[in-house]
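Asker: Handing you a structure now.
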Amino acid sequence: MKVGIIGCGAIANIITTSIVSEQNGIDIAYFYDKDIERAENLASLGGGVAVLTFEDMLDDVDLILECASPDSVKYFAPLILENGVDMIIMSIGAFMDKDFYNQALRIAEDNGAKIHLPSGAVVGLDGIKAVAKFGLKEVSLVTRKSPKSLGKDIDTEEVLFEGKASDAVKEFPLNINVAATISMACNMDIDVKIIVDPKVDRNVHEITASGDFGEFKTITMNYPCAANPKTSMLAALSAIRLLKSFNETISVGM
Ligand SMILES: NC(=O)c1ccc[n+]([C@@H]2O[C@H](COP(=O)([O-])OP(=O)(O)OC[C@H]3O[C@@H](n4cnc5c(N)ncnc54)[C@H](O)[C@@H]3O)[C@@H](O)[C@H]2O)c1
């Protein structure tokens, strides 16, 4: 499978380093970033080509992996999907815009393209998906991050946001992909609380779900990426797993 990457930052670096280190049938052939130096650095690490425009890779890839920003998803995804090219999208918050979600879905369906959204920085999505249409009643997320991760300079715990995921994503577009992912997995605008906590050095996500099936709670305590404290290591690792799953005969879990 031939892959192109848009956005050569923290997530792309972890994915590329891991994928090139083993035989897995995945060829990351092209690298694009608005900062060409970043694309060139990662291309030399991954043994691929840095392209000046993303169109330069469009006709020669099976899949494009977006690891850039929600705005880049809104710009690039329609053009990529129109060409029948599959995508993995990391900046999932873009899909909280219902009009954009419907537009991307229609273009993908019309052109036989698939959109893959990795589970990202959180565990428990398998359960949420399983019960989503079977009496799931309430889902909430409490996200706790360090001041550094949220770009704040405070020394006491503070609730930055309490409300619905659709509003959280507007206020914290680069920080709240998890809320967007859970909302999409269960097709509900879930309740979200974002806390900045000087006592934590991890990105902590606590999901509670209840309904006719019973109840579950998951707590994910992620180490942030060294290159970008907003981003958790697990987000990159989940995309690596997803990429590898395309070549597997037996798949375990969802
Ligand atoms: N799904 C999840 O659970 C999850 C978790 C963490 C991060 N993310 C999202 O993944 C994305 C990447 O995260 P990261 O930590 O690697 O970010 P990063 O800031 O380390 O890297 C982003 C890179 O994309 C490039 N870029 C930004 N906009 C671009 C554009 N329009 N065209 C070309 N290049 C562009 C930047 O120059 C940068 O090199 C972010 O949107 C982030 O919010 C998702």
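The backbone N, Cα and C atoms fix where each Cβ goes, glycine too.
Whatever TrEMBL says is automated annotation, not expert-curated.
Since the structure is predicted, the reported quantities are computational estimates derived from the model, not experimental observations.
What TrEMBL records for this protein is below:
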ACT_SITE  H205  active site
BINDING   A121, N177  NAD(+) binding site
DOMAIN    7-118  domain 'Aspartate/homoserine dehydrogenase NAD-binding'
DOMAIN    155-240  domain 'Aspartate dehydrogenase'
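Show me how these features fit into the shown structure, please.
Answerer: Under a cutoff of 8 A between CB atoms, and with a sequence separation of 6+ in the same chain, the neighbours of H205 (active site) are A121, V122, L141, V142, T143, R144, V178, T218, I219, T220, N222. DSSP assigns H205 (active site) to a strand in the three-state reduction.
A 10 Å cutoff on Cβ-Cβ distances gives N177 (NAD(+) binding site) a total of 29 other Cβ atoms nearby, all chains included.
The domain 'Aspartate/homoserine dehydrogenase NAD-binding' (7-118): residue composition by secondary structure is 58 helix, 18 strand, 36 coil, according to DSSP.
Secondary structure of the domain 'Aspartate dehydrogenase' (155-240), assigned with DSSP and counted as helix (H, G, I), strand (E, B) and coil, comes to 25 helix, 33 strand, 28 coil.
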